[in-house]
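The feature signal peptide is assigned by Swiss-Prot to 1-18. The domain 'GH10' annotation in Swiss-Prot covers 26-325, and the record cites sequence analysis as its basis. Feature annotation from Swiss-Prot assigns active site, proton donor to GLU157. Positions annotated as active site, nucleophile by Swiss-Prot, on the basis of sequence analysis: GLU262. The disulfide bond annotation in Swiss-Prot covers CYS280-CYS286.
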Amino acid sequence: MLYTSIFAAAMAASGAMAAPTTSHGASNCTTLDSFFKSHGKLYWGTAADKNTLMKPGVADFIAKEFGQVTPENSMKFDATEPSRGQFHFDAADYLVDYAEKHDLLIRGHTFLWWSQMPAWVKAIKDKDTLIDVIQTHISTVAGRYKGKIYAWDVVNEIFEQDGSFRKTVYYNLLGEDYVRIAFEAAHKADPKAKLYINDFNLDDPNAAKLKAMIKYVTKWRAAGWPVHGIGSQSHLFAGMGEKSAAAIKMLGAAADEVAITELDITGAPQADYEAVTKGCIDVKNCVGITSWGARDTDSWLASKSPLLFDGNFKPKAAVKAIMAI
């Protein structure tokens with residue numbers, strides 16, 4: 001199913017893009033996704049990939065509990081184009097086919113990132129070659145899934161903590177213009193998809209990184225670059241929930257959309273999960289939350305127990321608290 005039909009169904013069910021905070025008891029909703037849609041959001045999603053979906057019980061659980069999936073690794077540069085011009089899509093195709101079968105929205109993740117970048121890309125020395133590589137890579141990957149992806153994370157983690165640009169091969173050769181090149185290539189290849197810039201540590205209203213994100217997104221959008229949304233990864237520690245909620249409001253004011261894209265909170269504290277959830281609900285254009293994994297067992301931070309469900313798919317106390325908002 002194309003994402004546009006899923007989007008239409010979500011809008012029909014909710015009646016609005018988003019709504020102010022209202023009380024919806026758990027008795028009215030049976031899953032995180034249905035709860036969030038009852039608040040006018042598009043989805044509560046999760047990260048997954050072929051390797052996790054093939055584990056016993058995981059695929060069925062995700063299809064039941066969540067409304068969106070993000071490929072954790074299978075759409076990254078090293079997975080899709082490990083050698084120049086040699087593309088591999090087996091794992092990404094598996095995820096997309098699964099999502100379409102279960103009517104789940106998809107967030108494509110990610111075209112350009114400083115990590116999981118093939119060595120051959122890092123070794124590029126001239127501008128023209130790099131521009132061609134960026135455009136070819138994005139047009140090929142986005143073009144393959146044209147019309148099937150709700151949103152793409154076009155660039156990922158491009159800022160340092162002090163708000164300066166991360167010194168990657170992209171920035172070193174092309175300056176900030178590489179961002180324009182990437183977004184324009186993505187828009188050309190998949191014109192109906194929402195295009196995002198995604199980053200971590202955007203959780204403090206006073207952080208230099210957050211201020212840089214807002215500054216540059218505002219500048220780029222004013223210049224006509226097709227930057228539609230900001231993704232806040234939201235890998236949090238206990239006690240960060242309230243600040244994160246305030247930061248989401250600031251990010252939402254800078255773009256058409258904002259989304260919490262990789263949520264996990266060390267120890268899964270109830271108060272922080274409530275604060276983050278309310279923060280998204282209260283921001284009209286916060287379209288959804290993606291948990292960075294369906295259960296602790298499959299989390300990149302498994303030992304920190306940061307997710308809403310334990311290894312046996314049992315909901316934690318934070319789930320009940322969220323559903324009672």
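From the backbone N, Cα and C atoms, a Cβ is placed for every residue, glycine too.
When other Cβ atoms within 10 Å of the Cβ of the residue listed as 'active site, nucleophile' are tallied across all protein chains shown, the result is 24. Within 10 Å of the C-beta atom of the residue listed as 'active site, proton donor' sit 19 other C-beta atoms, taking all shown protein chains into account. Within the set of disulfide-bonded residues (CYS280, CYS286), the lowest number of other Cβ atoms found within 10 Å of a Cβ is recorded at CYS286. In this structure, GLU157 (active site, proton donor) belongs to neither helix nor strand by DSSP; it is coil.
Confidence annotation: the domain 'GH10' (26-325) carries a mean pLDDT of 98 in the model. For the pair formed by CYS280 (disulfide bond) and the residue listed as 'active site, proton donor', distance between Cα atoms is given as 21 Å, rounded to the nearest Å.
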